[in-house]
Amino acid sequence: RGEGGVPWAKQFAILCRRSLLHSCRNPLSSYVVVGRTVVMSLLVGSLYFQLDLSAEGIMNRQGAIFFVLVNQIFSSLGSLHLLLDEQEIVAHESRSAWYPISAYYTAKQVAELPVQLFTSALFAIVAYWMVGFQPSGTRFINFLMAMLLTGLVGESYILVCGAVTTSGKVAIVIAPVLMALFMLFGGFFINAGSVPPYYAWIKYISLFNYLNGALQKNEFQGLLFENGVTGEEVLDSLHLLPLSVWANLSVICGMIFGFRAISFVFVRRNFTPSPFQLPPSAPAARPKSEGGEEMKTEEEGMEGRRVG
């Protein structure tokens, strides 16, 4: 049971409804997110419109994959406000024992999920068929799942940055720096086989590495280009991790849960205020007479007369 004897499930339902109502009463941010998604999906679709199987198509496909991943990940930077904007309110309500932090945190994640999934699915549907990736229902489902998980893992990472720092200004500086580090070892800018041994471990914690591996294998497996190069030969030259499409996506699922668990630990620590304590009271000063001497209290005067 939650705070005040109210079941945790009921507290979660109330908080989830409150978050949904807040989003409905302030729909501008949702409209902006949807509008941005439409614009970016049309941009990538028109830029790489209907890729062919020429030699240039190899590089263009890799460029399109890079574009969609970077767009989805960095679109999650807006998630910083999810927790930080309500930090003082949550601290006050938690101190008043209205609800536990766990109920608030879970409700906030669930309330934001519909918009996140809708925009990721919208981007995937428009971009996939305009770019001209392999016209296969199975491969499209793989791509769709990869886009959904990309949005979720990006949001999860941003939540960690916000929960650890508890400062939007600090988080907005740290988040892109670490994200750029992950991107550097994601297989876009340097071949995985060329990474120095002392940096090799970074690719195993880079979310870009697993997302890139899933999308590259989903697109290139089974292709034969006009110059005689097969998709498998392209994949061999990239030196990707020996994981299948769904194995890579499974690792991303683990990162999503891991990031959100870390975020919850720091939210519980940083958003829960310490009990309020009154400062120690100072001894009251004695009133002074007109001459500047301290006046005796009535009890001290009576005691002096008895002694006399």
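For all residues, glycine too, the Cβ spot is worked out from N, Cα and C.
The feature compositional bias 'Basic and acidic residues' is assigned by TrEMBL to 287-308.
Residues annotated as domain 'ABC-2 type transporter transmembrane' in TrEMBL: 11-220.
According to TrEMBL, the region 'Disordered' annotation covers 277-308.
Taken from TrEMBL, the feature transmembrane segment applies to 28-51 (among others).
Summarising the annotation, TrEMBL assigns transmembrane segment to 63-84 (among others).
According to TrEMBL, the feature transmembrane segment maps to 113-131 (among others).
The feature transmembrane segment is assigned by TrEMBL to 143-165 (among others).
Under the heading transmembrane segment, TrEMBL lists 171-191 (among others). The list of residues near the transmembrane segment (171-191) in space but at least 6 beyond its ends in sequence, with Cβ under 8 angstroms from a Cβ of it, reads 66, 69-70, 73-74, 77, 80, 84, 157-158, 161-162, 164-165, 199, 202-203, 205-209, 211-213, 216, 237-240.
The feature transmembrane segment is assigned by TrEMBL to 245-267 (among others).
When each of 28-51, 113-131, 143-165, 245-267 is scored by its Cβ pairs under 8 Å to the transmembrane segment (63-84), the top-ranked stretch turns out to be 143-165. Long-range contacts of the transmembrane segment (28-51) within the same chain, counting only residues at least 6 positions beyond its ends with a Cβ under 8 Å from a Cβ of the stretch, are 57, 60-61, 63-64, 67-68, 71, 75, 78, 115, 118-119, 122-123, 126-127, 129-133.
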